[in-house]
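Shown next, in structure tokens, is the structure this report addresses.
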Amino acid sequence: MQRSPLEKASVVSKLFFSWTRPILKKGYRQRLELSDIYQIPSADSADNLSEILEREWDRELASKKNPKLINALRRCFFWRFMFYGILLYLGEVTKAVQPLLLGRIIASYDPDNKVERSIAIYLGIGLCLLFILRTLLLHPAIFGLHHIGMQMRIAMFSLIYKKTLKLSSRVLDKISIGQLVSLLSNNLNKFDEGLALAHFVWIAPLQVTLLMGLLWELLQASAFYGLAALIVVALLQAFLGRMMMKYRDQRAGKINERLVITSEIIENIQSVKAYCWEEAMEQMIENLRKTELKLTQKAAYVRYVNSSGFFASGFFVVLFSVLPYLLNEGIILRKIFTTISFCIVLRMAVTRQFPWAVQTWYDSIGAINKIQDFLQKQEFKTLEYNLTTTEVVMENVTAFWDEGFGELFENAKQNSKNRNISNSDNSLFFSNFSLLGTPVLRDINFQIERGQLLAIAGSTGAGKTSLLMMLLGELEPSEGKIKHSGRISFCSQFSWIMPGTIKENIIFGVCYDEYRYRSVIKACQLEEDISKFAEKDNVVLGEGGLTLSGGQRARICLARAVYKDADLYLLDSPFGHLDVLTEKQIFESCVCKLMANKTRILVTSKMEHLKKADKILILHEGSSYFYGTFSELQNLRPDFHSKLMGYDSFDQFSAERRNSILTETLRRFSLEGDAAIPWNETKKQSFKQTGEFGEKRKNSILNPINSAKKFSVVQKTPLQMNGIEEDSEEPSERRLSLVPDSEQGEAILPRSNVINTGPTFQKRRRQSVLNLMTHSSVNQCQIIHQKTAPSTRKMSLAPQGDLAEMDIYSRRLSQGSGLEISEEINEEDLKECFFDDMESIPTVTTWNTYLRYVTAHKSLSFVLIWCLVLFLAEVAAFLVLLWHFKEKPPQDRGNSTGSTNSSNAFIVTNTSHFYLFYIYVGVADSLFALGFIRGLPLVHSLITVSKILHHKMLHSVLHAPMSTLNMLKAGEILNRFSKDTAILDDLLPLTIFDFIQLALIVIGAIAVVSVLQPYIFLATVPVITAFITLRAYFLPTSQQLKQLESEGRSPIFTHLVTSLRGLWTLRAFGRQPYFEALFHKALNLHTANWFLYLSTLRWFQMRIEMIFVIFFIAVTFISILTTGEGEGRVGIILTLAMNIMSTLQWAMNSSIDVDSLMRSVSRVFKFIDMPTEESKSTKLIKPSKDDKLTKVMIIENQHVKKDDLWPLGGQMTIKNLIAKYTDNGNAILENISFSISPGQRVGLLGRTGSGKSTLLSALLRLLNTEGEIQIDGVSWDSVTLQQWRKAFGVIPQKVFIFSGTFRKNLDPYEQWNDEEIWKVADEVGLRSVIEQFPGKLDFVLLDGGFVLSHGHKQLLCLARSVLSKAKILLLDEPSAHLDPITYQIIRRTLKQAFADCTVILSEHRIEAMLECQQFLVIEENKVRQYDSLQKLLSEKILFQQAMSPLDRLKLLPHRNSSRHKSQSKISALKEETEEEVQETRL
């Protein structure tokens, strides 16, 4: 960054913002880079501001029982705030004085008062000086207030972040990431945007008082009629605003539903294409969009009437002010024109400034109170340790995740017994109190000496991670003692990668030791991975390590923990993402050898690990099931294996979570997805499992919880909240374990708003910061907002301060028209936080974009022409009125009822002034009617254009090739459908309307002034030229600075989320100061862009006013010097000239707003222009109902006869297959060749990242591929994509359950009747599951099907494949995270329903390969071997090395006959699973 010219700028340069000229010049000539931005002043640095506020806040905490954050802010910023407030008031006073001088100038032209004619020139000079003074006062004041608001935001940003790093885990469990981001963005933005308006809460009343005093002198009591009219207008606007909000609130549900479906589709676009569901998904979204747009139009119409009413109110305010006076006294032009000027200022004060100021204070005080509450939350306390000890000891330790719940639970339980409270929904708190009061750990005892290895095992939710958290100090024990030596290193089971290089992630601030570093890299099997990067270990890892596989991230996290020299190493399931061979090597070389002399606590369930551990601790439901050695375990606890069954299924998380933050944040927790539910309701729907069901599932691994329970699906829809609130209803749903339910969320336990009441162990997944920390996701930074079930808040898709608002009035109006989309957090802020990226879009919107936008709908061009015609009609009507005022009618002095006093001279007779009054009312009504007719079709047409563009963009995205979509982030795509679509729906139509309205007013006013005084036209031409030139000069720099500011905002929130994800690791390593410094650096970067934008913005505003002042000086002296007799003409000219100033500024602001908003249109067009997948068929052929493809599909294939049915057998031939993710990318698979016989089952083998899943994608033509693939002799390039993909049934690794009914998820095209669907549900064992839900097939699944276990989701995918009648089945690790029972069900279904199908199976589990006849071994992106099981076992390859002797014994029956499964085994399998298939757990 460059040094700021502000440091050496003179006072004059600072006053006129001339020091910004270098950056403006550079931005106009070339694209700005980050290096071009100026450094911030030291007074604005985050370190300085946070230190000042933190000192005052600490002082407040120390001195008072009830500390107030506003007092700390007052001591920091009050005097500067008041100084700029006084400047602002003085600037506003000049606006009230100007009409007085105008009245004196008009009076000097009274033919009966020629004495004052000589002073008109001096009055004109005074009027011009007032404009100059106003400019010099207002702009520094507004800039200073914006600057103070920025400083307040920075200081509180830092304070909140520091507090976040100190919060206890108990508090983090109650706060969602959405609330935190909202606290930082939505609440704190109020200071940036609203502080300049805050002073009007006292300025506006003083202004109104002054103006009413001046109007009283002119009109006497008649002035109050005008004030009453303004108050009525303000109340009417408030009423229309409430009506508009009602429509937007109704629309919020539809928008959320659409965004949920859209986000699910974007995240699972590969599955959508594999299932050929593009058209079904498109139709589903369009149906939601249709209803949404109806409500959008209603809200837009009300908003339009509101805006039109403001523009038209000026006529009627003057009318009500002048009419009573006119009836009594007659028309006096001097008073009329003076009154008009006063009313314009009065209108702004009453209808804009004061209401906005009150709202600003209300919002700001609310935001400060929320931040104040947050800053007083409980903090994390480091566990005390003993440096003299060498052992780790726990004695009688009991712990609750909720502080003080032990005592509270005992008291409540005793009260419950005494009162005999029933277990019903009406007493939900007490019926679930066993859930709340159950300790996460109970009476834990163990002791390990230095250098020993303790293995902790147990089923999901047993308390393994909680035990490690106790050692870290994250969980405080309620009872017992903990002792350790103090130096701890920690490896979380949820891989956390901070932004930086691989080396920085491993060293993590510890002193660099080359030998130790290399040893750790080698022991963690990272040498080969690092060697593949061109930059080796200096390669930069962005956004949570998106470029790494899950296994690579896990190994880097393990290396980080091992590299630190500590006394105690806590390793929480570090091998979850690793293949069998890599896991075996790391355990031996790293855990057993490199760390042999260190004390280690390892969470694991592998039998091999337990055998080598010095001590074993098995936890069950929070209690110690066993503690001792492995030999003691075998002797004393022979049934221990039952406590571990299913552990692998649920404790290891895949790299890509189905329920990623991106999808979870947009969830609506309702049962009815098609209705917008009032926010103050709580909707419940309960259903009870039968006793028979519970008995059958009682001992199932799928359901370790006793199953005879009552479930209550709760839709919480409380009132609006704007921050972090304590939920009074929340105790009914508490989390008891840090361990999430399952990989796909929900394998065992209900989640979110599903309350599971059981006698022994219950919990729910909280969407909290704690949950964020325990959720591993590749897309960890692709967060829009985390939905909070019990709390909701307002959010706007209108960019907050993003529309290049050029003054505080028009800026507030633009925000007032923003889209209120949901009652949660500010979605727009979140989206901009995480998804704004460098765009290949011009700095200024091109004319081609405007042309494409205008021609997108044929009626829009005609509407624009219609607007122009009506404008000409309005100008003509206005000229009629002016003609009557301009020409003085004949006067009958004898019949005149008025006085001939010079100060009250009448221009017309008593008869004619009523005639003029009728003309005035008629013209005003006509202008209002014409304006209404003009604007309404325009707004309607623009919304229709938005509908068309959204449809085209959705179609383009769904049909774009994966090579194109792989280049885009999911958040970037979703931004187009959320932020940009909202701009097209709401802001752009009304901003265009405002701009057209204002531009026409300015043009009309200039035309009228030029008609009245042609000489003024000569001054108008250069002024308009100067305005256009100035705008063209400023706009490129403005847009680029806004883009840089937006990009600078992203690291702030990305760093926040990154810190929260790794908070346990940060604390364990003591890296909080380092991350605070990084956060301040990100804040300073954003501040540099924002401060420069504010400065250039004020430079532009001052130049606009300076140009206008020159224009007004010219108009004033031309009219004074050239106008003869007739005060009417001078009054009209000067009044219109004064009004042109504010209107022209507003019009210029709107023009820049339009250009800024049109960038969203450019982004939408960029997506519309994406290439589409190759397809010879333009018409979608839906799946047929029988066991074949329709004849229409095969006619297009020249290689298939019309009477043939393809595919028949499922024979596949692959020759020289090469696959790439992008057109110009490196080959992911090279020269893959093999063949599969009809009905054969092929297993894909290879270590993590070898290309197994890539091969399955290539077979579906989801990647850029070269080579040849044939199915039954038909080549893949001779059929359409739809034909080809329908030949496959798919069970993807990433399970796709979209928000919709069971029926929609199974049959989105509605091709099958209920009988056929139930038949398939029976085959896969889903009938009993579906029947447990109200509505059965019509039950709406939300949140990725959170009420289903991961196993049931797999069965749902299996049912889709059965319905598709596919001849080839592709399975990508279908057994991952499955319990044994569900896995056996899937195996049975595959054997029965797909007995004659070709199956290609990718698996890590050895036992999952028992049914395969051939195996394809992939190494280094190539085929290593393609052979039968016998040959694979007889040769020394990785497959054999990865197997334990036990695995080999399992495969012995298959060495002699790999084609046929032993009938005895089949019979045993049937007997084992028959009962489980019939009844499966809900």
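Glycine residues also receive a Cβ, built from the backbone N, Cα and C atoms like all the rest.
It should be emphasised that the depicted structure is a prediction, and the values quoted were computed from it without experimental measurement.
Swiss-Prot has this to say about the protein:
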type	residues	note
TOPO_DOM	1-77	topological domain 'Cytoplasmic'
DOMAIN	81-365	domain 'ABC transmembrane type-1 1'
TOPO_DOM	99-122	topological domain 'Extracellular'
TOPO_DOM	147-195	topological domain 'Cytoplasmic'
TOPO_DOM	217-222	topological domain 'Extracellular'
TOPO_DOM	244-298	topological domain 'Cytoplasmic'
TOPO_DOM	320-339	topological domain 'Extracellular'
TOPO_DOM	359-859	topological domain 'Cytoplasmic'
LIPID	C524	S-palmitoyl cysteine
REGION	654-832	region 'Disordered R region'
CROSSLNK	K688	ubiquitin cross-link
MOD_RES	T717	phosphothreonine
TOPO_DOM	881-919	topological domain 'Extracellular'
TOPO_DOM	941-991	topological domain 'Cytoplasmic'
TOPO_DOM	1036-1096	topological domain 'Cytoplasmic'
TOPO_DOM	1118-1131	topological domain 'Extracellular'
TOPO_DOM	1153-1482	topological domain 'Cytoplasmic'
LIPID	C1397	S-palmitoyl cysteine
COMPBIAS	1453-1463	compositional bias 'Basic residues'
COMPBIAS	1472-1482	compositional bias 'Acidic residues'
* Count the other Cβ atoms sitting within 10 Å of the Cβ of C524 (S-palmitoyl cysteine), across every protein chain shown. => 27
* Taking the Cβ of C1397 (S-palmitoyl cysteine) as centre, how many other Cβ atoms lie within 10 Å? -> 20
* To do: Give the distance between the Cα atoms of C1397 (S-palmitoyl cysteine) and C524 (S-palmitoyl cysteine), rounded to the nearest whole Å.
  => 41
* **Within the topological domain 'Cytoplasmic' (1036-1096), residues counted as helix, strand or coil by DSSP** => 58 helix, 0 strand, 3 coil
* Structure fact -> For the topological domain 'Extracellular' (217-222), the DSSP residue counts stand at 6 helix, 0 strand, 0 coil
* Any idea what the model's mean pLDDT is for the topological domain 'Extracellular' (99-122)? -> 72
* Composition by DSSP (helix, strand, coil) of residues within the topological domain 'Cytoplasmic' (941-991) -> 44 helix, 0 strand, 7 coil
